[in-house]
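Working notes, beginning with the structure itself.
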Amino acid sequence: VRDAYIAQNYNCVYFCMKDDYCNDLCTKNGASSGYCQWAGKYGNACWCYALPDNVPIRIPGKCHS
């Protein structure tokens, strides 16, 4: 498990405005919790705690949407 930005397809983050949205997204994917990090490295994006290794995370490089 790891703490990381959860990723959609093509290495793109989940943009957010509210912690509830990210906490729900993260826990549905097996994380312990999550929140919306504002003005972070990738803008306003969901950060998850204890996300399982099989769930994609944002890695260095471009978002190819």
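Glycine is treated like the rest: Cβ placed from N, Cα and C.
Within the set Cys22, Cys26, the cysteine that Swiss-Prot bonds to Cys46 via a disulfide is Cys22. Per Swiss-Prot, the residue from Cys26, Cys36, Cys63 that shares a disulphide bond with Cys48 is Cys26. In this structure, the C-alpha atom of Cys63 (disulfide bond) lies 18 angstrom from that of Cys48 (disulfide bond).
Here is what falls inside 10 Å of the CA of Cys16 (disulfide bond) among the disulfide-bonded residues Cys22, Cys26, Cys48: Cys22.
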